[in-house]
Amino acid sequence: MMTAASRPRLVRLLLVVLLTSVVGNIPLPAHADDLPARSSELPSPPSADEAVSWEAEGTTATLDHVAEAVRATRLHERGLTGRGIGIALIDTGVAPVVGLTDVVHGPDISLDSQAEQAQHYDVYGHGTHLAGIITSDRLDAPGLAPDATLLSVKVGAYNGAVDVSQVIAGIDWVVQHREEHNIRVLVLAYGTDSTQDPLVDPLSHAVETAWHNGITVVTAAGNDGQVRDSLVNPATNPWVIAVGAVDTQGTRRVSDDTVATFSPAGTPARGPDVLAPGVGMVSARVPGGYLDTTFPGAQRPGDLFRGNGTSQAAAVVGAGVALMLEDDPSLTPDDVKARIVDGSKVLRQDGTGEAPGMLNLTQARTSDVIGAQVHLLSSGTGTLEGARGSYHLLGDSPLTGEQDIFGQPFDSVVWAAEATALTSWDGGTWNNTEWTGWGWDGWGWDTAEWTGTTWDGWGWDGWGWDGWGWDGWGWDGWGWDGWGWDGWGWDGWGWDGTQWD
Ligand SMILES: [Ca+2]
Ligand SMILES: [Ca+2]
């Protein structure tokens, strides 16, 4: 929140940026001794995957159209809007743009959490896009479950960077706080190219634990369909719902729908469970954010943004699950999954009827299939490094091996036992580190509802991110006063892949 007290500091920071650009030298703030040296490098340049996700051309799928395509309209007509159902979104945060001012913010355990103005908010632009699909209140771009409670747990930073240890901690947090906002659904549009067996993978075990605690976990299948068949981790976990993407061709009928080119086919061991619209999805954008400024061609009138991905498809399914649970709160995650699969509509291009079908919420709601999945239970005792696949945060050196984002040793055997027992978080501590001592304690996440607040209300338009935020120099140089992230080399960091699907 913009306060009178913080304004002078901002002005000073802007000066820092301006001076830096001229003389290449930072006038150091008062706590300069605590700050890491500033890097002159840009943060990670956009990847090819990102460019595919935010391209300008192709099918246009407005949210009205999406609701019709997945046959949510009839549920809406019955008065189902997701009311009373909590949906957790573990992503890059959510910006309080128009239509998303009632999002509830959980902890910010991202690398941005030390940057006052970025806490909880989405600077990258991914989480906000998904949140719009799930629950926007905009009448001209309505979310599929507009009255659901969206709980945002921010793990991805302003440039999308995140380590798998943060995602696992975020999942644990949601599971262990699920009763506070009746969290029945988790949308996780994150995945790595890990090849570790889901039976031992810690990330896989984290989502499975959520599932066994009554949370229907909806994951993105991944966007690498053109280079590999396998799903991303944790979509490979057999219990959860893995969502592939459909190109609706802009029409309501399913007969012309095709599987999106980036949506992975799956392997004999694990394919997507269901498909949902994920091409040309027009949803909320973050003005001045990373994706917004990197891919301006994806902007659409009315502060909207066009995006492709199984992330967006997962958001559609997650919202649909909330409608089903509002209609019948007694459904278990297994029931929900069985009914979604049972009700889905086979695509014409699939001659066999074996491949996953397109989400049909009208059919899913009226299905009376009882779910009873039988899979082996995972142990979670594999390695964190295995869960990362090839995706690593890049600081002075890459974050690798059995250590979390703080450099704290990670013992998966100890963690798995605690996660299963729902005790991995102890107050603000996870894996022996106080993750939240600064970030959201005392900020009061449970009272932090953005009722009636928009960017305009606290000055977003006046200064924006791009004057002082990530653009050209990153956060370092002002916000990181010796609290701990810099233990492994914060400045000059990036990441080496697109983990947001
Ligand atoms: Ca809403
Ligand atoms: Ca169609």
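Just so it is clear, glycine is given a Cβ too, placed from its N, Cα and C backbone atoms.
Automated prediction, rather than curation, is the source of TrEMBL annotations.
For D91 (among others), the entry in TrEMBL reads active site, charge relay system. Taking Cβ-Cβ distances under 8 Å and a sequence gap of 6 or more within the same chain, the neighbours of D91 (active site, charge relay system) are D122, H126, G127, L130, A131, S152, V153, K154, V155, G156, V187, A189, Y190, W500.
The secondary structure of H126 (active site, charge relay system), as reduced to three states from DSSP, is helical. Cβ neighbour count for H126 (active site, charge relay system) (all protein chains, 10 Å cutoff from its Cβ): 31. Residues or ranges marked as active site, charge relay system in TrEMBL: H126 (among others).
What TrEMBL lists as active site, charge relay system is S311 (among others). Counting only same-chain residues at least 6 apart in sequence, those with a Cβ under 8 Å from the Cβ of S311 (active site, charge relay system) are S53, H126, H129, L130, A189, A220, N223, G278, W500, D501. DSSP assigns S311 (active site, charge relay system) to a helix in the three-state reduction.
Confidence across the domain 'Peptidase S8/S53' (82-344), taken as the mean pLDDT and rounded to a whole number, stands at 93. For 82-344, the entry in TrEMBL reads domain 'Peptidase S8/S53'.
Here TrEMBL flags 1-32 as signal peptide.
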